[in-house]
Amino acid sequence: MSQHQARKRFGQHFLTDESVIDAIVRAIAPARDDAIVEIGPGLSALTAPLIARLNRLSVVEIDRDLAARLRKKYPPEQLSVVEADALTVDFRQFGAGMRVVGNLPYNISSPLLFHLMGAADLVRDQHFMLQREVIDRMVAEPRSADYGRLSVMLQSRYRMEKLFDVPPEAFDPPPRVVSAVVRMVPLGPDRPQPASEAAFEAVVARAFSQRRKMLRRGLGDWAAHVPWDDIGVPPTARAEEVGVAQFIRLTDALLAAGVIKA
């Protein structure tokens, strides 16, 4: 097959370092009967070792040339290829117990992480390579510089662990940033949950739109309806100081007051 040229519009950086590939596969620890979905298989760096360990693998690939290569390289009983933009794919189609993996395109990483939350109740775990700075934001704690909307939203749904860094030279072409690998395990149904996920997202987004301001100012006219003492949040707190459980209580208080709708 002819050499594939990486396409900027798809954010393509192909993983080539065998030691990194091996470390990722060991972190995933696939079992023969696992239902694994790989996003962005590219030139099969992860696909090949995964297929060697699985009965069957599903992949989502936006690049039609790469999708055609995959179909030519692997028989359909080994590999199912969904040729589509991952942001448009309904991941619920893959069923309960799925494990999602991939070297995610850095230009759509945050929207894709939010998109995948819609199938989190069916997911066993997720292993992704992303920009290190994105993973640092994902796992950040309150009162840290990296803590923000992404931290709160993902931590409300997953237990996350940064596994290891990956240098630019592990890719072709090399990205301009250091990458890292993260493990995401969905929290169970007994996790703290807001009365409305949509309202929770709206409150968190509004709070972090002015992260340096005191929360009562950042929330605008909503602030007057918040029982600050009851929810355990000082009215002088900034969004970057408020934990996930506190944001959930804040959301439920605003819903109860009729300030926002479910």
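Cβ coordinates are placed from backbone N, Cα and C, and glycine is handled just like the others.
As given in Swiss-Prot:
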BINDING   His13, Leu15, Gly40, Glu61, Asp85, Asn103  S-adenosyl-L-methionine binding site
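Sequence features annotated in Swiss-Prot and their locations in the structure.
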| residue | record | Cβ within 10 Å |
| --- | --- | --- |
| His13 | S-adenosyl-L-methionine binding site | 23 |
| Leu15 | S-adenosyl-L-methionine binding site | 19 |
| Gly40 | S-adenosyl-L-methionine binding site | 26 |
| Glu61 | S-adenosyl-L-methionine binding site | 25 |
| Asp85 | S-adenosyl-L-methionine binding site | 13 |
| Asn103 | S-adenosyl-L-methionine binding site | 27 |
Site diameter for S-adenosyl-L-methionine, Å, by largest Cα distance between His13, Leu15, Gly40, Glu61, Asp85, Asn103:
20
Can you see whether DSSP assigns Gly40 (S-adenosyl-L-methionine binding site) to helix, strand or coil?
coil
